[in-house]
Amino acid sequence: MDIATTPIHSLAYLFEVELATIFLNYRVGPIESVHGHVIHIPIIMEAKFFRFLKIVGVGFKARAELEGRLLYLKLGYSHEVELTVPPAVRVFCFKPNIVCCTGIDKQRVHQFAAAVRSCKPPEVYKGKGIMYIDEVIKKKQGKKSK
């Protein structure tokens, strides 16, 4: 069973993101980290499915605006990538490099997460790019020098 696509049956779900454990309460809205900081995010709909994305790379960042309706990505291009979120999906950024796609329709959540990932897919030599939080990238060795 995939943790990132499990439906939420209780009020809360614990999910470990790197070293911090973030407490997600989808029906009420606040997010509380281990260190006691509380971030209030307005959540109108009840999230059933979610998909976490991790952005790896120097200077790569994401930010959500308009209550999760717009997603801006800085991915090393000369411009910011702007993505409009579909109606059944919401996007939240817990850190500048952790993006959470939530919604009530599994197919739309996964399709939007795949669209975000396709903006900068992970590359096999350095491991930079956008990847799912549970995805493992096998790195290639690269060119050997004599």
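Every residue number used here counts from 1 along the chain in the order it is shown.
From the backbone N, Cα and C atoms, a Cβ is placed for every residue, glycine too.
According to TrEMBL, the features are:
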type	residues	note
DOMAIN	61-132	domain 'Large ribosomal subunit protein uL6 alpha-beta'
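Across the range of the domain 'Large ribosomal subunit protein uL6 alpha-beta' (61-132), the DSSP-based residue counts are 13 helix, 31 strand, 28 coil.
In the predicted model, residues of the domain 'Large ribosomal subunit protein uL6 alpha-beta' (61-132) average a pLDDT of 91.
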